């Protein structure tokens, strides 16, 4: 796209062939507000922004902290929060279009990756999850290797990403891996939220250089960036400079220095242009200047010709904003937006999420999750070691418990400890599961796979570890304590442990989906498990529990009560115990658990186990429902919040009086405003612009 003339700065109108190869994104009068329903004014995050992004070019959105960089990026990508309202025009190739999974990709600021996988494994699994199932392994492998080469990851392709116990790739390499995952499906538009944040200058350069290579492939790249080095800044084609939600400059990056010079704020020769731009519009530098002057207040400060030292930042910013509105750059941008809005481009092929089949996704997710569990020391291996140590301790403390009268209490105590406290140890896997949930949320938002396939794959991959925990714990304690002999009793004992541990795992999944915070999740999970143990019939017998609430229904929906009752029946029924006083008849196990512990023996122990299984299924279904509600309720709440906001703003004269919105509020509500939606259904906010 060459310029027609240096004076106009306008590019040639793209042809239909060019349109079919790329995505031209344009926005006009884009405004984002957070309503204040009190007496205070409505807060504007973005104010009537105009701009466009074209294929083959990389745009930088710059500005100080709080200037609206991420808000603008989220507005264009359809990821705005539910408590904000967006108005304006957003056009793709001159018309309304869905910003869908196959069209756009979004790289978040945080690199959400499984640290136990290598770079190649991470990209390969992502490819199998999303690429068409009819593609051969060789074709998928070629795409993976090509992506690795494109992002310059060939030197670290066989190194693990890294986590708390394994050192992995560098921060810049992690960022490039995140970018590689998003460009596997060759999206037309790539959004990035501060990809250079936290990176050194060399790593930041390699990341932006990789983005430049992606843009050259005919894709539209839009990235927010905070304060790039001069070498990194030179890689950007276009610049959108923001301050307090207002446009300070939009145009070619190399022309920004000229604009600042024309406005009376030239960039010194040896100063980084991006540093100079931020110095002009960042009010924090006023405090720095005042501090420097204050430290030299004893000496007479000589007059300086530097306008940055003589003018307040608010004055500089206001002058820049006004100069830009009247500049040739703003006129050129509006003219280009008009051209792009009148383009009759070709319809773009949009893929609806992943193109892999459900079964392929299940196999891929199960394999990836199983490898992650095998390599993550804290997921299951540490717990297995703890279970072995605790099982040996329990077995030796209750060794050969016997059949005396005192052994009754010993058997009950041992069974209650195994059912309650040993299953409580499953809470130790919560941190690792929380990290996996972060990956799920990120991939689900990008349309990799569905909720059901994730839940099923997680249980299948964890099944061997849960079996190992149950068999190891059951074998050690059963043989050392010498519970009732017989293989069927041993099998029931192990199954009871297996399903009890599975219930706790499922409960912690529900907690993680509702309270996705490490510390609060542990506290919540521990509290719930504590209630389950208190109502299990071990600390207080079930018949003695208060009938209201605790007995009915809490004890019936507590897996602990069913697991303990089944354990008592499995161990006591068929045994006889010595009486308290010599000469009295022996006590049968049935009398002990029914008369002493209040356990009904009218139904089989297998029904108790079936109740535990039913609770397990209910927790898994609840996990599914919570995830779906989070997913489905988000867009609905956004729409409700948007309508409520616009109704309230319509009655707010302070909102109408602001000069930044030239259109009436009723016009915005009826013609321009659309409900805020998720990325899968965010549409352009209007038909082509009419002048």
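A Cβ is built for glycine as well, from the same backbone N, Cα and C atoms used for every other residue.
Annotated domain 'ABC transporter' per Swiss-Prot: 25-269, in sequence order.
What Swiss-Prot lists as ATP binding site is 63, 64, 65, 66, 67, 68, 69, 70, and the listing cites sequence analysis.
Summarising the annotation, Swiss-Prot assigns domain 'ABC transmembrane type-2' to 360-572.
Among residues of the same chain six or more beyond the transmembrane segment (384-404), those with a C-beta under 8 A of the stretch's C-beta atoms are 410-411, 413-414, 417-418, 422, 425, 428, 465, 468-469, 472-473, 476-477, 479-483, 575-578. Taken from Swiss-Prot, the feature transmembrane segment applies to 384-404 (among others), supported by sequence analysis.
Per Swiss-Prot, the feature transmembrane segment maps to 414-434 (among others). Using a Cβ-Cβ cut-off under 8 Å and counting only residues 6 or more beyond its ends in the same chain, the transmembrane segment (414-434) has close neighbours at 376, 378-380, 382-383, 386-387, 390-391, 394, 398, 401, 473, 477, 481, 496-497, 500-501, 503-505, 508-509, 511-512, 516, 518, 521-522, 525-526, 529, 533, 536, 538, 560, 563-564, 567-568, 571.
Residues 358, 361-362, 365-367, 369-370, 373, 379-380, 383-384, 387-388, 390-391, 418, 422, 436, 440, 444, 494-495, 497-498, 501-502, 505, 509, 620, 623-624, 627 of the same chain sit 6 or more residues outside the transmembrane segment (453-473) yet have a Cβ under 8 Å from a Cβ within it. Annotated transmembrane segment per Swiss-Prot: 453-473 (among others), in sequence order.
Residues or ranges marked as transmembrane segment in Swiss-Prot (evidence: sequence analysis): 491-511 (among others).
Summarising the annotation, Swiss-Prot assigns transmembrane segment to 514-534 (among others).
Long-range Cβ contacts of the transmembrane segment (548-565) within its own chain (Cβ-Cβ under 8 Å, at least 6 residues beyond either end) map to 415-416, 419-420, 496, 499-500, 503, 531-533, 535-538, 542, 599-600, 605, 608-609, 611-612, 615-616. Under the heading transmembrane segment, Swiss-Prot lists 548-565 (among others).
Residues or ranges marked as transmembrane segment by Swiss-Prot: 607-627 (among others). Only residues 6 or more beyond the boundaries of the transmembrane segment (607-627), in the same chain, are considered here, and those with a CB under 8 A from a CB of the stretch are 451-452, 455, 459, 492, 495-496, 499-500, 502-503, 506-507, 509-510, 513-514, 557, 559, 562-563, 565-566, 569.
Taken from Swiss-Prot, the feature region 'Disordered' covers 657-691.
Residues or ranges marked as compositional bias 'Low complexity' in Swiss-Prot: 660-669.
As annotated by Swiss-Prot, phosphoserine applies to 664 (among others), with the evidence given as similarity to another entry.
Annotated phosphoserine per Swiss-Prot: 670 (among others), in sequence order, evidence recorded as similarity to another entry.
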Problem set entry | Other CB atoms, at most 10 A from the CB of residue 66 (ATP binding site) | 15
Exercise. Taking 63, 64, 68 as the binding-site residues to compare, which has the smallest set of other Cβ atoms within 10 Å?
Worked result: 64
For this session: Find, for the listed binding-site residues 65, 67, 70, the residue with the lowest Cβ contact count at a 10 Å cut-off, counting only other Cβ atoms.
Result: 65
Exercise. Three states by DSSP: which one describes residue 64 (ATP binding site)?
Worked result: coil
For this session: May I ask which residues of the same chain, at least 6 positions away in sequence, place their Cβ under 8 angstroms from the Cβ of residue 69 (ATP binding site)?
Result: 61, 62, 63, 194, 224, 225, 226, 242
Exercise. Tell me, what is the mean pLDDT of the domain 'ABC transporter' (25-269)?
Worked result: 88
Problem set entry | Three-class DSSP secondary structure - residue 70 (ATP binding site) | helix
